[in-house]
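Everything on this sheet refers to the single structure shown next.
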Amino acid sequence: MSKSTPLKSSIIRADLPEQAEGRTGPETGKDPEKTGNSEGKTDTPVIEIKDLCHRYPHLEANALDRINLRIYRGERVAVLGANGAGKSTLFKHLNGILRPLSGEVLVKGEKITKKNVRMCRGTVGIVFQDPDDQVLAPSVEEDVAFGPINMGLSREEVKMRVKEALEMVGLNGFEERAPHHLSGGQKKLVAIAGILAMRPEVIVLDEPTAGLDPLSSARVLKLITKMNRELGITLLLSTHDVDVVPYFAERVFVLHHGKLEASGSPEEIFNDPALLRKAHLRLPRVAEVFEMLKQEGVDVNIQITAETARDEILRVIRSENRKAEMK
C-alpha cells in the first residue's frame, strides 16, 4: 500500500466492543492484533497478552484495563501514549516484574508463573526508562557482566559476551569507566549492553530516548534498529514522542488511560486525527508541515518521515513544472 494513500479506515479501533479478543472489527474483518506486518502470521506470538488488568493499591481505577495484544518474532513495535497512559506498567508485566490483577501474559506460548519467570526473563529483557535504576555496578564492564554471571556462564563466556555487547553499542574501551561519570546517553547504552549480553529474544525498551539530546537519541534509535536487523531481536519500545515512531516502528499500539485504543502501521495511526486528539497526541512535525500545506490549498499527501516527505515534495514540484510547460 502506498505511503501517500490515506489509511484511516484501516485502523483497528480497540475500544469497540466488536473487537474484543477473538472477534473481528466491523470495518476490516481483521483480528485486531494481526494488523501491519503481523497480518497473516500463523506462528506462535513471542509475547501474547490476554485481557490484562492491573491496579495499584492506592488507586481506584485500573492502571491497565483489558489489554489484548500479540508481538511476533522479529517485529519492531511501538507502544505510543502520553505520560500516564500505562506504558511502563504494561512493560513491567512482560517478564514478570509486575503480576496481573486479572488476565495473563504468555511468553512463547507459556503463561508467566512463579515457576517459569526466570526462563521468561531469559527470553524478554527490559531496559528501564532511567538507566540509574539499572546501571549500578562500579564499572561498565562489571555492570554488563552482571546478567551473564547470574546466568551461570563460564568466565570465558561472560568475558566474550561483555566484549561483543560493548562493541555492538559502540562503547568498547569504556570497560573500566565508572557509570556515574558517563553522560545520560552513554548510561543508556550501558543498560542496553547489559541486556544484550544476556542474549534475549525480545528486548523491551521503556522510553529509550527520554531525556536524551537529539544526537544521543538518534544514536540509540540507530542502535536498536541495527539490533533488530542484524541480530534478529524482537523490539518493543514505548514512547510519547510521536516523531520517533515513524523511524522505528513497523506496527503501533496506542495506549490511553490504561486502555488499548488502536493498532496499525504508523501511516494508519497518524492518518486518524480523532484518535490522536483522544490519546492526547499530535502529528509528527513532518506531517504537520504537510497538513499546513494542504490548508493553503497545495495538493499534497501527508507524509510522516523526512524520506517520504522529500519524495512527495519532488512529486509536487515535477507536477507543477509539467503544468507550467503545458501552458
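Each Cβ is built from the backbone N, Cα and C atoms, and glycine gets one as well.
The region 'Disordered' annotation in Swiss-Prot covers 1-44. What Swiss-Prot records for 28-44 is compositional bias 'Basic and acidic residues'. According to Swiss-Prot, the domain 'ABC transporter' annotation covers 47-282. The ATP binding site annotation in Swiss-Prot covers G81, A82, N83, G84, A85, G86, K87, S88.
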For the binding-site residues listed here, G81, G84, G86, which shows the highest count of neighbouring CB atoms within 10 A? G81
Residues near N83 (ATP binding site) by Cβ (under 8 Å) yet at least 6 apart in sequence within the same chain, in sequence order, are H240
Only counting partners 6 or more residues apart, tell me which same-chain residues put their Cβ under 8 Å from the Cβ of K87 (ATP binding site). V79, G81, D206, E207, S238, T239, H240, L255
Cβ proximity for A85 (ATP binding site), under 8 A, sequence spacing 6+, ordered by residue number, returns H240, L255, H256, H257, G258, A279
Least surrounded, by Cβ count within 10 Å, of the binding-site residues A82, S88 is A82
Check: same-chain CB within 8 A of ATP site center, minus G81, A82, N83, G84, A85, G86, K87, S88: S238, H240, L255
Where K87 (ATP binding site) sits in the secondary structure, as DSSP reduces it to three classes: helix
Overall pLDDT for the domain 'ABC transporter' (47-282), taken as the rounded mean: 95
